[in-house]
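Pulled from TrEMBL, these are the features on record:
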type	residues	note
DOMAIN	A:3-161	domain 'AAA'
BINDING	A:LYS11, A:GLY12, A:GLY13, A:VAL14, A:GLY15, A:LYS16, A:THR17, A:THR18	ATP binding site
Amino acid sequence: MGEAIVVTSGKGGVGKTTTSANVGTVLALQGKKVCLVDTDIGLRNLDVVMGLENRIIYDLVDVAQGRCKLNQALVKDKRFECLSLLPAAQTTDKDSIQPDQMKKIIDTLKADFDYIIIDCPAGIERGFKNAVAGADHAIVVTTPEISSVRDADRIIGLLEQEKQVSPPRLIINRIRQHLLKSGEMLEIDEIMNILAIDLIGIVIDDDGVISSSNKGEPIALNPSSKAAMAYRNIGRRILGETVPLMDLDEKQGFFHRVKALLGMR
Amino acid sequence: MPATQSLVTIKGRKDGLVLVMNEACAYRDLLIELKEKLAASTNLNKNGPVISVKIEMGNRYIDADQRDQLKQIIHSYDHLKVEEIHSNVLTYAELDKIKEQEKMVTMVRIVRSGQVLSVQGNLLLIGDVNPGGVISASGNIYVLGSLRGVASAGQGEDRKDAVIVASIMAPTQLKIGVTMSRNERNTAEVLTERHMFECAYLDEHIGKIVIDRIQTTMKKGNLPFTLNKM
């Protein structure tokens with residue numbers, strides 16, 4: 001029996017879809033059977049980020065309304081045998097599916113997969129309720145901005161009311177080191193003070209995330225980037241390993257230290 | 001009871017009049033005599049400064065309608081003002097209401113954005129109030145944690161003596177009774193500031209909510225009534 005993890009944030013544009021794609025990918029890299037479920041009906045993106053858009057034949061709404069079998073709608077990833085995607089419909093909206101239908105679909109998937117990653121749409125309305133209905137665990141994504149922390153707080157409050165979901169865990173996304181250092185960005189400690197939930201990972205803002213999602217290849221596949229390492233760490237923590245948080249300070253090279261000594265920086 | 005003994009006794013005091021009502025006679029007789037007595041005292045009809053009136057009912061129960069009736073009779077004289085109607089008797093319903101007002105409701109939780117926590121009585125919250133969260137109580141509010149949202153004390157009956165105390169005081173808005181105050185600092189600054197153990201109360205002289213360290217407030221000696229009681 002697998003675990004269903006919903007990735008949510010309240011606010012839009014903080015990186016739910018990117019996080020879902022990458023967390024799914026790293027779990028698949030570890031050899032787990034993973035199914036990504038896009039619940040953002042009408043504004044589907046996860047298929048694009050995964051580079052699987054042109055393989056979609058049926059979608060979530062087709063399954064819910066009985067136009068196809070669940071297996072027919074699953075899109076196999078081109079890189080991993082063990083990674084599948086259940087895409088959202090693009091032509092209808094969020095009201096075309098009910099939370100209990102969603103729960104039934106997730107429960108069926110749990111029999112076949114180790115992990116089901118549910119990508120939640122922004123907002124707290126029907127789309128959110130659909131996404132949370134079948135989830136056992138929740139990951140809340142936030143960025144170090146007041147508005148996004150505020151929305152994360154609201155979402156955590158709503159998740160705490162969902163009895164079947166275990167206490168949510170937090171990913172702080174899009175951390176910019178130079179803003180953090182100059183004190184212009186909310187510090188991680190401050191965010192943790194307000195939200196008061198377990199931290200499961202921090203991800204540094206990386207230009208590579210944008211280019212790789214344009215290419216349809218999750219950045220986690222490219223181990224040289226810091227964001228990829230962050231996602232891999234998150235994956236290991238989901239699997240129950242204890243991994244220390246990434247050191248945010250960039251290691252300064254010999255040349256930098258000489259420069260600093262000479263007072264050039 | 002001899003009929004000659006008066007049912008209403010008017011006593012003059014430094015701070016106004018005290019009407020002592022007989023507690024054993026019929027209420028109707030009491031009203032008749034009260035009207036007669038007031039009409040008889042000719043100097044009450046003269047213009048003068050406003051005199052405050054305290055009515056002492058003894059061991060007689062009087063309900064809200066009767067209170068209004070008494071007030072009406074006395075307020076028909078322009079410069080008389082009822083300050084207080086005191087009776088030694090309470091109904092169970094009234095007692096319950098007082099108990100409700102004075103009880104302490106203890107909660108252990110985080111009030112997150114969009115959540116509302118509203119209680120009758122005094123609220124002791126062990127946990128934080130995050131920005132966007134709202135807490136409200138008919139009495140005082142004590143937060144063992146950081147108060148970053150909206151807190152309203154003394155709600156319902158406009159209790160001006162209510163106080164709000166928090167371990168970390170960084171609210172977006174405070175309300176005591178009907179008086180409101182808001183934080184002028186911007187949100188990012190508030191998050192980093194550490195205002196430890198501060199108390200908000202309504203300063204009746206300036207009609208504004210004042211936030212101060214509890215020690216400073218004590219030194220000034222103008223501790224609000226509620227805290228003085230403790």
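Here the Cβ of each residue, glycine as well, is placed from N, Cα and C on the backbone.
Keep in mind it's a predicted model, so treat the numbers as computed, not measured.
Feature map: TrEMBL annotations on the structure.
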residue : record           : CB count, 10 Å
A:LYS11 : ATP binding site : 20
A:GLY12 : ATP binding site : 13
A:GLY13 : ATP binding site : 11
A:VAL14 : ATP binding site : 26
A:GLY15 : ATP binding site : 23
A:LYS16 : ATP binding site : 28
A:THR17 : ATP binding site : 26
A:THR18 : ATP binding site : 27
>> Cβ within 8 angstroms of the Cβ centroid of A:LYS11, A:GLY12, A:GLY13, A:VAL14, A:GLY15, A:LYS16, A:THR17, A:THR18: which residues besides those meet this for the ATP site?
In response: A:SER9, A:THR19, A:ALA122, A:VAL141, A:ASN173
> Helix, strand or coil: which one is A:LYS11 (ATP binding site) in, per DSSP?
Replying inline: coil
>> Averaged over the domain 'AAA' (A:3-161), what pLDDT does the predicted model reach?
In response: 94
